[in-house]
Amino acid sequence: MSDAAYTVVGCTIGSRDQVIAKSNMLFCITPPVADFGRLRDKCLVSWVGRLTEDGKAIVTKAAVAGVMLIDVTAVPRITIAQQMDCLSSQAKCAGHRAVIEAAHNFQRFTGAEMTAAGKYPPSNCFVLGCGVAGLEAIGKSKALGCAVSAWDVRDVSDQVQSMGAKWVKVDFKEDGAGQGGYAKESSEAFKNAQQATFLKQLKEVDIAICTAAIPGRRSPLLITKEAVAEMKPGSVIVDLAAQGGGNCELTKQGEVYVTPNKIIIIGYTDMPARMATQASAMFGQNMVNMLRYIHAKEGSKALLANINKHLAAGAPDGDIISRSIVCCKGGNKIEMPPPPQPTPPKPKTEAPAAAKKEPPSPAKQAMGSAVILSCAVLFGLLMGEGTQASLLTTFLLAGAAGYQAVWGVAHALHTPLMSVTNAISGMTAVGGLLLLADAEAAPAKGLAAAAIVISSINIIGGFVVSQRMLNLFRRPGMSDYSVFMFIPGLILCFAALTHPELISTVSTISSLLCVAAIGGLASMSTADAGCKFGMVGVLGAVTSCCMTLSPAVLSIALVLMAIGGSVGLVVGVKVSPMALPQTVAAFHSLVGAAATCTSIGSFYKNPVAGANMENIAAIFGDIIGAITLTGSIVAFGKLNGNLSSKALNLPGKNILNLSMLTACIVIGTLFCTQGKGDLGISYLLILAAIASVMGYHLVASVGGGDMPVCVTVLNSYSGWALVAEGFLLKSPVLTVVGSLIGCSGAILTKIMCDAMNRDIFNVIFGGMNVAAPSKKAGDEAPKIHVETSVANTAELMASAKEVLIVPGYGMAVARAQGSVGEIASACREAGITVKFGIHPVAGRMPGQMNVLLAEAGVPHEWVLEMDEVNPEMEKIDVVLVVGANDITNSAAQEVEGCSIWGMPVIEVWRSKKVIFCKRSMAGGYADLENPVFFKENTEMLLGDAKKTADQLAANLRQRLEKVQ
């Protein structure tokens with residue numbers, strides 16, 4: 001730095017004598033003992049080392065001279081003093097420079113290289129002592145490509161392994177932690193055990209870096225001359241403890257010594273000064289931080305006054321930092337308070353075993369089952385009043401079939417399942433066709449036409465989206481022969497077109513094919529065929545219905561279906577895999593709208609009051625359809641980002657829901673008793689309006705974290721709306737398909753609620769039990785996270801044996817699945833075991849991550865469920881979390897009362913190292929901070945997921961190519 005550089009920032013340049021004469025406080029690296037006589041009543045800030053013999057002598061001379069002496073090396077090692085700890089900052093410089101010196105003298109490649117002359121393995125580096133300098137040496141050695149191992153008298157194995165280094169264990173138990181955060185001197189027995197361990201290590205290493213020093217004492221002997229004699233010629237030892245006599249027996253202070261067997265021993269004592277610009281900048285910042293801490297808000301004028309105040313207060317009220325760094329004042333020595341004890345490391349304990357639940361009483365179980373079965377029997381008997389036996393039979397049998405089929409569907413196929421059932425629920429087109437054929441009033445025909453168009457959008461769009469999703473799961477080169485499943489579809493259509501007497505049979509077979517569609521989704525190998533079953537089933541049902549229409553009505557119906565089908569085709573082809581959740585929600589709204597239109601339009605056809613099956617079915621179809629319509633629109637808005645993900649929490653929301661339900665019951669009763677003609681239509685319209693508001697409020701009251709479950713609930717609602725339509729129009733095919741979808745959606749909801757530890761009734765009834773998250777003491781305390789780089793992450797993954805990748809919705813938004821798949825492939829090709837851990841509700845819909853990974857070409861055998869990866873988490877070397885938050889949030893187990901409390905999560909924090917790749921430190925969809933971000937084994941790789949994943953894939957391939 002030139003003098004001009006100081007002048008520009010307001011400094012006055014003067015001679016040494018002028019500076020001493022005019023200043024009240026002076027800074028000097030080495031204490032100017034010769035000038036102490038001129039510093040009486042002045043404050044000198046210097047590098048004293050008051051605990052060493054030389055430092056004690058300097059303090060004595062300063063006290064005699066009447067100098068207030070401040071020792072910058074005496075800052076206690078406590079959290080609040082970290083920013084002024086110049087020992088740590090200079091140790092970091094020393095550790096960094098030690099690696100540079102070692103690499104310079106080693107004169108060979110440090111990292112693995114593949115050249116025209118052949119392959120060269122990485123050099124082996126052994127770091128003895130894992131303080132600040134040692135950890136910096138580990139990090140820099142890893143950055144240069146070395147294979148690093150490390151040892152310390154304290155057990156810091158987790159920290160060492162988290163940096164990608166191998167922990168060297170001495171087979172002898174002794175606690176090495178001393179006062180002030182330093183290591184203590186070891187016993188003779190321990191020294192003998194460690195010498196044997198070091199000898200074995202040193203025979204193999206190329207570079208050894210020693211950093212073990214104890215203030216005020218001679219540096220411990222770690223490397224004997226016998227061990228040096230066993231090292232490979234050309235190896236390098238860098239001894240950062242040379243000032244205290246050295247950790248190596250042959251170290252010569254301040255020199256580079258080459259032994260007879262050509263081992264280079266570097267004993268420099270001025271490592272920080274060899275990178276003076278960096279060391280000076282860090283030291284200067286430490287001093288600024290120290291002054292700001294002492295004078296606090298009062299400003300620089302209060303500096304000396306505050307020091308006097310702290311000293312006068314004494315222990316325990318006086319500030320420990322001031323009392324530690326001031327060595328003498330007013331001619332009197334000031335005793336240094338004992339250094340505070342470091343926080344003991346958290347013991348490694350096994351996760352507490354879950355409390356054993358007492359087995360339920362057999363009598364209670366039997367009674368509960370009897371009550372449930374009795375309710376089901378009563379419900380069936382009630383439905384039997386005025387209901388055709390064929391409709392009731394098909395309804396019950398289809399529900400049982402749907403219940404059994406959906407349990408067998410693989411988690412990875414839950415998204416295609418919902419898409420297929422959603423497309424099948426477009427059979428509301430059958431209701432619209434039947435209504436169009438029988439209705440005479442213009443409003444009824446208009447409602448029927450709307451139902452046909454809407455349903456056609458749902459059928460074509462739903463099946464196109466379903467098939468696109470299933471195509472993603474197909475491996476390259478695989479042939480799909482499921483197209484042959486259209487042959488029975490053609491047979492069904494031919495039978496319906498040429499043999500009117502077989503129309504009923506065709507409808508029945510079509511219904512069974514829809515059941516088979518869900519059964520086909522039980523595995524990857526049959527999923528394509530299952531989707532084709534659904535297509536053929538819907539095609540047969542619609543064709544058989546069309547053959548009952550008059551030519552005039554049929555021509556209108558075909559035009560309407562062509563219009564709706566064209567719209568559905570465009571939507572289905574253009575939608576991206578990332579937008580699947582909101583697309584399915586939007587399709588659900590179409591089913592609800594069609595069911596509502598058909599229910600109201602059917603009453604137009606026969607506006608007669610009475611508590612008959614048709615009117616009761618019209619009420620249920622009207623209400624369920626309207627709830628599904630508006631609820632699905634809200635779900636679409638939340639999933640698409642148009643609406644806030646936070647739950648709507650109106651005062652008295654439960655009373656509001658109950659009031660709307662009561663209003664629906666009252667108006668439904670009036671409709672059945674007084675609802676003739678236009679009055680009945682008015683009642684149905686009022687019911688639709690109230691149910692629409694209820695649907696909006698129920699879904700809006702559910703938080704974003706539970707939205708995947710809401711989508712499955714709405715899927716079930718669409719099925720029950722179809723059932724109501726089937727009873728209304730006396731259509732067995734609609735009751736079969738509706739019962740199938742309603743039961744399958746209900747079971748899928750149960751599966752999702754179990755996966756999220758959610759009360760199913762709490763979700764169905766709009767978060768009725770949602771409470772404000774509890775806030776515990778200390779929530780506002782600042783938290784510290786550690787950030788990492790792409791290069792370090794690539795190095796960490798390249799050194800790992802087992803890697804787990806946990807994808808989340810952030811990966812979908814950034815469209816990073818291709819790059820993530822490339823990362824996995826690169827690791828697999830290098831022999832690194834890579835698995836993907838998928839949470840049942842990762843993303844915005846169950847199974848969405850499986851679809852995206854399939855799109856990226858990730859084989860489904862690499863993809864495991866949460867319950868499969870959690871038991872193996874301790875064995876995982878590196879977990880890479882890409883765009884996921886809530887599903888890895890330890891608050892679910894640590895913060896009782898929070899919005900995700902009790903939700904099963906992927907317990908990534910139990911692995912050896914966690915890297916979070918996400919845009920920022922913000923909370924996830926549930927808007928909750930993740931405590932895992934601040935754990936010791938976690939590092940944050942912040943940035944856009946796509947760009948970061950691209951860079952990581954490139955770095956990883958480059959790194960892996962060097963070692964192959």
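Heads up, the Cβ atoms here are built off N, Cα and C, so glycines get one too.
What you see is a predicted model, and the numbers here were worked out from it, not measured in a lab.
Feature annotation from TrEMBL assigns compositional bias 'Pro residues' to 336-346.
Residues or ranges marked as domain 'Alanine dehydrogenase/pyridine nucleotide transhydrogenase N-terminal' by TrEMBL: 2-94.
Taken from TrEMBL, the feature region 'Disordered' applies to 332-364.
The transmembrane segment annotation in TrEMBL covers 389-410 (among others).
Among the features that TrEMBL reports, transmembrane segment is placed at 417-435 (among others). The list of residues near the transmembrane segment (417-435) in space but at least 6 beyond its ends in sequence, with Cβ under 8 angstroms from a Cβ of it, reads 406, 409, 444, 447-452, 454-459, 461-463, 465-466, 469, 514, 517-518, 521, 530-531, 534, 537-538, 541-542, 545-546, 548-549, 557, 561, 580, 584, 587-588, 590-591, 594-595, 597-598, 601-602, 605, 711-712, 715, 718-719, 721-722, 725-726, 728-729, 731, 733-734, 737-738, 740-741, 744-745, 748, 845-847.
Away from its own ends, the transmembrane segment (447-466) comes close to residues 416, 419-420, 422-429, 431-433, 435-436, 439, 531, 534-535, 538, 542, 556-557, 560-569, 571-573, 575, 580, 583-584, 587, 590-591, 593-595, 597-598, 600-601, 604 of its chain (Cβ-Cβ under 8 Å, at least six residues beyond either end). Marked as transmembrane segment by TrEMBL: 447-466 (among others).
Annotation source TrEMBL lists transmembrane segment at 478-497 (among others).
Taken from TrEMBL, the feature transmembrane segment covers 503-524 (among others).
TrEMBL lists 536-563 (among others) with the feature transmembrane segment. Residues 423-424, 426-427, 429-430, 433-434, 436-437, 449, 452-453, 456, 459, 463, 485-486, 488-489, 492-493, 496-497, 500, 503-504, 506-507, 509-514, 516-517, 733, 737 of the same chain lie 6 or more positions beyond the ends of the transmembrane segment (536-563) yet place their CB under 8 Å from a CB of it.
Residues or ranges marked as transmembrane segment in TrEMBL: 583-604 (among others). Among residues of the same chain six or more beyond the transmembrane segment (583-604), those with a C-beta under 8 A of the stretch's C-beta atoms are 415, 418-419, 422-423, 425-426, 428-429, 431-432, 435, 439, 441, 443-448, 450-451, 454-455, 457-458, 461-462, 465, 571, 575, 614-615, 617-619, 621-622, 624-633, 635-636, 639, 675, 680-681, 684-685, 688, 695, 711, 714-715, 717-718, 721-722, 724-725, 728-729, 845.
Listed as Cβ neighbours of the transmembrane segment (616-635) (distance under 8 Å, sequence separation of 6 or more from its ends, same chain) are residues 582, 585-586, 588-589, 591-600, 602-603, 643, 664, 668, 671-672, 684, 687-689, 691-696, 698-700, 707, 710-711, 714, 717-718, 720-721, 724-725, 727-728. Under the heading transmembrane segment, TrEMBL lists 616-635 (among others).
The transmembrane segment annotation in TrEMBL covers 655-673 (among others).
Look at TrEMBL and you will find 680-699 (among others) tagged as transmembrane segment.
The annotation transmembrane segment is assigned in TrEMBL to 727-748 (among others).
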What residues elsewhere in the chain lie close to the transmembrane segment (655-673), defined as a C-beta under 8 angstroms and at least 6 residues from its ends?
609-611, 615-616, 619, 623, 680, 683-684, 686-687, 690-691, 693-694, 697-698, 765-766, 768
DSSP-wise, what's the residue breakdown of the domain 'Alanine dehydrogenase/pyridine nucleotide transhydrogenase N-terminal' (2-94) into helix, strand and coil?
50 helix, 12 strand, 31 coil
Mean of pLDDT values spanning the domain 'Alanine dehydrogenase/pyridine nucleotide transhydrogenase N-terminal' (2-94):
90
